[in-house]
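Asker: First the structure, then my questions, so here it is.
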């Protein structure tokens, strides 16, 4: 049962994290009559602008997080970022709090160690070789064992922060320092993993719903500096490799438990599929589903967490997304060129309405459909390039 917002019968959902992905989740929640409460570390975040009300707290502060949940008494708590005091969610779940998909899933995936150990050591899934390191000495020893090239990442980071590829041992000191600067909760533990010379990487959006496990068509993407630049759907792959990918994704999602959409990241080399990471929430590369599917990843996530069925997912054909990435400093961001950006057929645009920029930041995404993937990607890139950001 779903009541009406601002009434005693309202179904209340609290978003922990109010960025562009949270904003789309909030929109889908409101389409089904759910009262939305936004929480983030800074004011006027994108989802806060459309939430019924919002709060600014440090979500890594366990006392502050518990206090805001006890104040609002949400029926659903929806973590949208990693930098959260997840142990508080675990404790409150035992007291009756409904965390999406589960508090355990949120805690395991908040850092790379929990999910990597689950996938490789508990589930026995194929992954790259890896070591976790607390000190620079351990870090250098791990590089010696794995060899170069290898990849280093903070165990807790997002959007590529702190990630680098070491192609020569002489780069190790710089890579260690960069990883220490890039962690979401400050410096600390890192993962060093073998570099898989993959043919391509995919995000397999996997939904655990009341009527079973569902998959979106595979999404291909291009990364740069650890963050996605373009994504496209469907990624071409053989039926055998797709089946292997779906089997891996199913095992991970079922092990994490709960209802919701999961972004499962996989590497493909020949006929081999390797597990990389998973997010128990919509994925940035999945922004392409805003134009490629009848139900976007956000709509699917909301259906699942509300206990509603997903009878089918229709994919419209070759589609792509390209980010609007800007570097600068301003608290008065404005946009020009929108008419040019939207002049071509089957193009859309999402501007995230982020309140400020200080450095490099993703401010929007261009979306496109076309006759084939290459054409769709080029159309999305062309659209994104025509958006002019004024400071």
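Backbone N, Cα and C atoms are what each Cβ position is placed from, and that goes for glycine too.
Quick paste of what Swiss-Prot says about this protein:
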type: BINDING; residues: 20, 21, 80, 284, 354, 361, 362; note: N(1)-(5-phospho-beta-D-ribosyl)glycinamide binding site
type: BINDING; residues: 112, 153, 158, 159, 160, 161, 162, 163, 193, 194, 195, 196, 201; note: ATP binding site
type: BINDING; residues: 265, 277; note: Mg(2+) binding site
type: DOMAIN; residues: 117-306; note: domain 'ATP-grasp'
Asker: For residue 201 (ATP binding site), name the DSSP secondary structure in the helix/strand/coil scheme.
Answerer: strand
Asker: Quick check on the binding-site residues: of 20, 265, whose CB has the lowest count of neighbouring CB atoms inside 10 Å?
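Answerer: 265, out of the binding-site residues 20, 265, has the fewest neighbouring Cβ atoms within 10 Å.
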Asker: Using DSSP and three states only, what is residue 284 (N(1)-(5-phospho-beta-D-ribosyl)glycinamide binding site)?
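Answerer: Residue 284 (N(1)-(5-phospho-beta-D-ribosyl)glycinamide binding site) sits in a helix per DSSP.
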Asker: Taking the Cβ of residue 162 (ATP binding site) as centre, how many other Cβ atoms lie within 10 Å?
Answerer: 24
Asker: To the nearest Å, how far is the Cα of residue 112 (ATP binding site) from the Cα of residue 277 (Mg(2+) binding site)?
Answerer: 8
Asker: Averaged over the domain 'ATP-grasp' (117-306), what pLDDT does the predicted model reach?
Answerer: 95
